[in-house]
Amino acid sequence: MMRMKIIFVLYFTILLPLALAQLKVGFYKTSCPRAESIVKAAVQKRFNTDKSITAALLRMHFHDCFVRGCDASILIDSTNQSRSEKESGPNLTVLGYELIDEAKKALEKVCPSKVSCADIITLATRDSVVLAGGPSYDVPTGRRDGRVSNMNEVNLPGPSLSVSQAFQSFKDKGLTMDDMVTLLGGHTVGVAHCFFFSGRLTNFQGTGKPDPSMDAGLVTTLKGICGNGSNPKAFLDQGTSFSFDNEFYRQIRAKKGVMKIDQELADDRLSSGIVSRFASNANLFRTRFAQAMVKMGNIQVLVGNAGEIRKNCRVINSK
């Protein structure tokens, strides 16, 4: 039995690097030379009229990679036989699917069955970050699309978790505490529906008062936002909401974290030092964000002959 375990561990540790090695920058240089420019054009068109698309794509990419790896399983529609990841609670507010559809449609006209939906998500997210003022970075491509999407497999770290609780999910994916704090910096362009944080505004943990770790002025602002309309949303960075910068870290150091996990990043000794470094060094954050995004984009990827190249990102190919 011990021999079998050792063989499995050796197989896994050898196979994983080999799989990741098949991702490379410029993977479509020969098979579809215009692939990246076609995706970029679709993102640019959308960004021109809707700057919130950066936050939407960052969230989609994260939610995809944390369930079955970066295989575009989040894009698959439910059928009469199965309910897909889209129908899980955390994914009900994910946006941007139509942009991926538009990019895929354009790619299929030029290079049929060549560019995966998983790579489209990854490239589009990078392009949207750049348009919002964030770092430009090379994206290794060559991912293939998964053939399974099950809503019951969606188990994502929620906004009310502690730092140590949230980190367990990141650690399970091979990411470090630094990676987690860095990736959550994407909240600099993020928004959240009020139901994700309303418990902090009035009766925090049954005290009848707001969360004492939240700035009183922010409490007043958020109460005003959440008291109007149906299912309202608030910016997670109340300073430079549509700009990709390090302002998010400055905000949470000033007790202006909207979601509990955001504020905990600044308050918990496990993460506060990283927050301080990013708050005072914008270039460091930009560099680390690019690195962390590439690392996240490598989670459990399908390569070679695994999976498929979907013709329609919403539908698994017929066998």
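In case you wondered, yes, glycine gets a Cβ from its N, Cα and C as well.
Summarising the annotation, TrEMBL assigns signal peptide to 1-21.
Among the features that TrEMBL reports, domain 'Plant heme peroxidase family profile' is placed at 22-317.
Over all protein chains present, the Cβ of Cys32 (disulfide bond) has 16 other Cβ atoms lying within 10 Å. TrEMBL lists Cys32-Cys111 (among others) with the feature disulfide bond.
As annotated by TrEMBL, site 'Transition state stabilizer' applies to Arg59. For Arg59 (site 'Transition state stabilizer'), other Cβ atoms within 10 Å of its Cβ number 22.
A sphere of 10 angstroms centred on the C-beta of His63 (active site, proton acceptor) encloses 19 other C-beta atoms. Positions annotated as active site, proton acceptor by TrEMBL: His63.
Marked as Ca(2+) 1 binding site by TrEMBL: Asp64, Val67, Gly69, Asp71, Ser73, Glu85. Around the Cβ of Ser73 (Ca(2+) 1 binding site), the same chain contributes Asp64, Val67, Ser84, Glu85, Asp145, Gly146, Val148, Ser149, each under 8 angstroms and 6 or more positions distant in sequence.
Listed in sequence order, Lys173, Met296, Gly297, Ile299, Gln300 are the same-chain residues six or more apart from Cys65 (disulfide bond) with CB atoms under 8 A from its CB. Per TrEMBL, disulfide bond is recorded for Cys65-Cys70 (among others).
What TrEMBL records for Cys117-Cys313 (among others) is disulfide bond. Within the same chain, residues at least six positions away from Cys117 (disulfide bond) with a Cβ under 8 Å of its Cβ are Ala72, Leu75, Ile100, Lys104, Asp145, Arg310, Cys313.
Taking a C-beta cut-off of under 8 angstroms and a sequence separation of 6 or more, Pro157 (substrate binding site) has the following same-chain neighbours: Phe66, Gln165, Ala166, Gln168, Ser169, Phe170, Ile261. Under the heading substrate binding site, TrEMBL lists Pro157.
Listed in sequence order, the residues of the same chain lying 6 or more apart from His187 (heme b binding site) and placing their CB within less than 8 Å of its CB are Leu236, Asp237, Phe248, Met259, Asp262. According to TrEMBL, the feature heme b binding site maps to His187.
Around the Cβ of Thr188 (Ca(2+) 2 binding site), the same chain contributes Leu236, Asp237, Thr240, Ser243, Phe244, Asp245, Asn246, Glu247, Phe248, each under 8 angstroms and 6 or more positions distant in sequence. Under the heading Ca(2+) 2 binding site, TrEMBL lists Thr188, Asp237, Thr240, Asp245.
The Cβ of Cys194 (disulfide bond) lies under 8 Å from the Cβ of Leu222, Ile225, Cys226, Asn231, Pro232, Lys233, Ala234, each of which sits 6+ residues away along the same chain. Positions annotated as disulfide bond by TrEMBL: Cys194-Cys226 (among others).
Using a 10 angstroms CA-CA radius around Cys70 (disulfide bond), the recorded positions that qualify from Cys32, Arg59, His63, Cys111 are His63. Cys111 (disulfide bond) is 20 Å away from Asp71 (Ca(2+) 1 binding site) when you measure Cα to Cα.
Not a single one of the recorded positions Arg59, His63, Gly69 has a C-alpha within 10 angstroms of the C-alpha of Cys111 (disulfide bond). Distances between the Cα of Cys32 (disulfide bond) and those of the recorded positions Arg59, His63, Gly69 are shortest for Gly69. Of all the Cβ atoms in the protein chains shown, 29 others lie within 10 Å of the Cβ of Asp64 (Ca(2+) 1 binding site). Long-range neighbours of Gly69 (Ca(2+) 1 binding site) (same chain, six or more residues apart, CB within less than 8 Å of its CB): Gly146, Ile299, Gln300, Val301, Leu302.
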